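So the structure is just underneath, and the comments pick up after that.
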């Protein structure tokens, strides 16, 4: 509490207000909780994975948590700072549909080449299925990661080149909102 570094400076609050959908009081509340859980101001992959394990106790969220961690860690320093955490949280919980889709696209585009390949999507969908474990019963046509990926590509890959551009991803998500709901695991009730 008496440490200067543990308190947000007014200019940091102003910057976060400008780059997120949170109010000043919300930013300060989130910061208080973040500093409580991460006294050094850095959220590690291990800590991030533990958070996911609390929400998905019946599956193995480690692979998916790693993918999400990599998107939260904007500067790729191996840690999530409070600013990185709050900006990602802002998009995923309060962002527009298009902002959420851009964020999701970055999550699925594992090699950051501007396309989502079948293999990348299979990696993500497999991680999601492992994370939810047996807690979700899926219809026969989507009960394996491979079937799910095939269905998504059938709907989204308009030019049939086995990779999705952001435009294809965006249009496909608008045509079939259930695809993005199943993929993002974002709380759409907070949009």
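The chain as shown is numbered from 1 upward.
Note: Cβ is positioned from N, Cα and C throughout, glycine not excepted.
Listed features, source Swiss-Prot:
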- 2: N-myristoyl glycine (LIPID)
- 24-59: domain 'EF-hand 1' (DOMAIN)
- 60-95: domain 'EF-hand 2' (DOMAIN)
- 73, 75, 77, 84: Ca(2+) 1 binding site (BINDING)
- 96-131: domain 'EF-hand 3' (DOMAIN)
- 109, 111, 113, 115, 120: Ca(2+) 2 binding site (BINDING)
- 157, 159, 161, 163, 168: Ca(2+) 3 binding site (BINDING)
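Overlay of Swiss-Prot feature records on the structure.
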residue : record                : contacts (Cβ under 8 Å, 6+ apart)
73      : Ca(2+) 1 binding site : 79, 80, 84
75      : Ca(2+) 1 binding site : 81, 84
77      : Ca(2+) 1 binding site : none
111     : Ca(2+) 2 binding site : 120
115     : Ca(2+) 2 binding site : 109, 163, 164, 165
159     : Ca(2+) 3 binding site : 168
List the other residues in this chain whose Cβ sits within 8 Å of the Cβ centroid of the Ca(2+) 2 site residues 109, 111, 113, 115, 120, in sequence order.
108, 110, 112, 114, 116, 117, 163
Of 109, 113, 157, which of the binding-site residues has the most Cβ neighbours inside 10 Å?
109
Rank the binding-site residues 84, 161 by the number of other Cβ atoms within 10 Å of each Cβ and report the first-ranked residue.
84
Just the number: how many Å between the Cα atoms of residue 161 (Ca(2+) 3 binding site) and residue 113 (Ca(2+) 2 binding site)?
15
Determine how many residues of the domain 'EF-hand 2' (60-95) DSSP places in helix, in strand and in coil.
24 helix, 1 strand, 11 coil
Reduced to three states, what secondary structure does DSSP give residue 168 (Ca(2+) 3 binding site)?
helix
Tally the residues of the domain 'EF-hand 1' (24-59) by DSSP class, grouping H, G and I as helix, E and B as strand, and everything else as coil.
25 helix, 1 strand, 10 coil
Cβ neighbour count within 10 Å of residue 168 (Ca(2+) 3 binding site):
19
Give me the CA-CA distance between residue 113 (Ca(2+) 2 binding site) and residue 157 (Ca(2+) 3 binding site), in Å, as a whole number.
17
Which residues, in sequence order, are found in the same chain with Cβ within 8 Å of the centroid defined by the Cβ atoms of 157, 159, 161, 163, 168 at the Ca(2+) 3 site, excluding those residues themselves?
115, 153, 156, 158, 160, 162, 164, 165
Hey, what's the Cβ neighbour count for residue 120 (Ca(2+) 2 binding site) at 10 Å?
20
Number of other Cβ atoms within 10 Å of the Cβ of residue 163 (Ca(2+) 3 binding site) across all protein chains:
18
Give the sequence-ordered set of same-chain residues, not counting 73, 75, 77, 84, with Cβ within 8 Å of the centre of the Cβ atoms defining the Ca(2+) 1 site.
72, 74, 76, 78, 79, 80, 81
